[in-house]
Structures are given as C-alpha cells and as structure tokens.
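Visitor: So TrEMBL says this about it:
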{"type": "COMPBIAS", "residues": "1-14", "note": "compositional bias 'Basic residues'"}
{"type": "COMPBIAS", "residues": "321-347", "note": "compositional bias 'Basic and acidic residues'"}
{"type": "COMPBIAS", "residues": "374-383", "note": "compositional bias 'Basic and acidic residues'"}
{"type": "COMPBIAS", "residues": "437-446", "note": "compositional bias 'Gly residues'"}
{"type": "COMPBIAS", "residues": "451-464", "note": "compositional bias 'Basic and acidic residues'"}
{"type": "COMPBIAS", "residues": "465-487", "note": "compositional bias 'Basic residues'"}
{"type": "DOMAIN", "residues": "31-294", "note": "domain 'Brix'"}
{"type": "REGION", "residues": "1-24", "note": "region 'Disordered'"}
{"type": "REGION", "residues": "321-487", "note": "region 'Disordered'"}
Amino acid sequence: MARKKSGKRGKAAKQAKQNAEYEREDLKKAPHTFVIARGKVGNNVGQLVKDMRRVMEPFTASNLKVRKKNVLKDFVAVAGPLGVTHLVIFTKTDKGVNMKFSRLPRGPTLSFKVDSYALCKDVLSTLKRQQTYASQFQHSPLLVLNNLAREGMHFKLMSTMFQNMFPSINIHRLKLNTIKRCVLFTYDPDTNMVDFRHYNIKVVPIGMSRGVKKLLQSKVPNLKKYEDVSEYILGGGNLSESEAEPDGDQNEVDLPQQVAGRGNEASQKSAIRLTEIGPRLRLQLVKIEEGLCEGDVIFHQFVTKSAKEIEELKERREEKKMIKAQRKAEQDANIKKKEQLKEENKQRSLAGIKRKQKDNTAVNEENPEDSSDDDTKYYRQEVGEEPDADLMLSRTSKRKPGRQDFSEKRKRPRSESRPQGAHGNRNFKKPRREGPGKPGFKGQKGGFKRKQFDEGKGTGEQKKFGPKGKVYRVKGTKGPMKGKRSR
C-alpha cells in the first residue's frame, strides 16, 4: 500500500502559502540593509546597532556576525547575491559617534555625526504601558519625512536615501493590518539637525463614550462598586491618563478597511495613536561622498574648498589610483614568473628522473647476471659450492652486486676457555686466579684465605672476612658472627 505524502494541511498550509507569496512579491524587490559597527565602539553603541537592526526588520540580517578581520569589501562582495542594497555603519572616535548611510555597491555615502541618542530600553522605561509585541516586526515600518523638502542638493540626496532604504507602498494593494510601526525623520532648521524617531501605531474607535470604548477594547471590568452599569459608563470607566487621551481632527481618519481591534470597522472614524518604542537619534549631516566611503566630496558642512583645490585633490586621487594599479600589475607579473619557474623546475626534475631510469635499464641489460634475484646463483657465486635444498627459501630476493649478505654470516667459533653461559648464567663460577693481586682480594700474597674453624661453634661453619676483618657472609650459623682477620 502506498504511503500518503506528508505535508501541511489546513491553517498551517494557508499560512505557508501566504508567506511564500509575500516572499515572492516583497522580499525580492524590497531594499535590504546591513547594519554593522566598525572598530571598537563599546557596549552602548553595540546595543544601538542591535536596536537599529530591529527598526529595519524584516528586511535586514538581525543576527549578522561581524568579525574583526572583516573589511568593507567583504560586505560588498556578499551584498549582490543576497540582494542587499544599503549599508548602515556605526563608528566611534574620541570626539563622538558617527553614522553612515551608503548605497551599495557604488555609493553615494552620507556621513552623520550622532549628537545624542537613546536606546530602546531607555525609551521604554519612561512609558507606563509598553506597546511592544513580536508581530510588530513582521512587516516593514511606514516612513514619514518631515520638513526635508528644501532647496539644496544635500536635502534631495538625504530624502532620496531615506526613501530608498524602506520598501515603497502600493496604495491599491496595501493592507492596513500590516502597518504596525512608523519611522519619522524630521529636519530642524534652527539647529540644522535631523531627528530620528520610531513609533508603534495603534488604531482605536471614536464617537463613543470612554466607558463604552473600554468595554469594547478590554474584558468586562469589575462592577461591584456600582449599583448600575450606567454609572460606570457615564463616569468614564476609570480610564487612565494615557487611555483618556483626547482625540481631534489631527489624528482622526476614516478607515477604508477593517483593522484589527474591537470597534475598528470599515467606513467609520478611528483615531491613530503613536507610542514611541525607540531608539531615538539626533543626527547632523557632515559630508556626502560620491563613492562607497570614498571618492569626491559632493557636500561638506564645515569645509569649503575652491575649484583649484578640488582639481588638485582629483589629480592626487588619480595619481594614487595609477600607483595602485601599477603595483598590482607588478605583483601579478611576479606571481606569473614564479609559477613559470616552478613549472620549469618540475619539467627539469621529470626529465632527470626519466634519464636516470634509462641509464639503470641500460646497465641491467649489459650485466644481466648481476641483476639476478636468484638465491641459488648468488650462493654459488659467493661460497663456490652448491647450496642444500633445505637451506634455500622458496621466495627470492633482490640483492645489489658486491654487497655482503649478513644473513649468511658465519658465527665465530666459541673458545674452550669461555664455557657456555659465561655472560648470561649467574651460576657460572670464574676459576680462582693465583698470583699477586689487589689488596684484600683472593690470591693476594700474604693475604687471607677462606678457613674453617672447629672451635666449639659447630662443624661446617664458614666465614668470609673482608679487608678489615669484618664478616660479610656466614653459612651454617644462626645470627651474625664476629671474628678477626687471620694471618
């Protein structure tokens, strides 16, 4: 019986299909961003990088691992296959924190000085009720640019860069339930600063009393303090200050679609409320470069150069490029030269090996008997006799001509004066040596010899005396015995 194919069914299959459609339409066309830090930035700036990645979700690498040895070229190399279009770089110097927005792969690059910043945890700690949940970051935020439509090339480049970092909105296909967050860039002409804010979007119904609104949006409250439900409704429903926020024309809209939440029906008025979730940045534009963190400076906030100085900088930059290209060409030529020499040495070595093999073959053909590997012929040549059949092995071995065969070396005849076991047998006794010798040894003239004493100590007792008359061995006695040296 054939098995059924396993797969997702029901709600899971529907959700997977929706996710696949969303990936096909949005992920491929939407701009993707890398948020990284270069150099030593510290814990606070490192946390700011993580918060900024949170803002750019879902079209960013939230868990991107950056090593110390990684350079800018590494990110540019992988940006193409992964579809990454923008790069946000944080750096830290003695003067402060810097932030760069770059368009991959050829620029331009906008360099900002971070005048001040606040992390997400700092912003959320000031709120009475935090409006953060996981589904907020499943869709990209809504971009709002305020007061950036000004005269000047740098304003146009700023607004274009910020717009291209976030996916565009198709009004006809937009679903209001996917808009959960908002990113705001506001330019302050008095301070020449750009304020960055990140908000959560909440839609609440209007046109009803606060008590009824709370009944619709939350669970049934505890009404034991009231005699009638009308007291609760007319009394405002014990709303907090944040819940009792007054609505007006500035935040009321007619909903074209039904939005998640009780009371948010289509073609009815609802109020939009924003809650800041962080991070918070205050940026100052310093300069705009033509390339990716290099190239001609299109705009500089503090430095102004004449046309002559700009021309000199271009010539100097072109000269550096020429020197770099020349050095690279020299390196490539050196590499090719080394590879060529290596190949020549290899061919020369192979030719020498072949020539040596030919010489050895010619020598073997001239002297076929010397190259014979027959043990019988070798034995006949060295010994001069015919070998016994039992002594020869069935397997033959190759021997070089004129080399001594140590396996057939004759053993030296053993001397009669050195009986077997003289070196390895403990019980072998060396014969006594007569004549003059060293003092205190056997055979010394006028010295002592082994004697037997029968003086009532028992027969068969034997003593051995050292040079000073001390006993060092006793046989046939019990316990140690003392004696004097006899003369």
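Backbone N, Cα and C atoms are what each Cβ position is placed from, and that goes for glycine too.
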Visitor: Other than its close neighbours in sequence, what residues sit by the compositional bias 'Basic and acidic residues' (321-347), given a CB gap under 8 Å and a spacing of at least six beyond its ends?
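Guide: For the compositional bias 'Basic and acidic residues' (321-347), the far contacts come to none.
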Visitor: Mean pLDDT over the domain 'Brix' (31-294): what is the value?
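Guide: Averaged over the domain 'Brix' (31-294), per-residue pLDDT gives 86.
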Visitor: Which residue counts does DSSP yield for the compositional bias 'Basic and acidic residues' (374-383) in the helix, strand and coil classes, in that order?
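Guide: Reading the DSSP string over the compositional bias 'Basic and acidic residues' (374-383) gives 9 helix, 0 strand, 1 coil.
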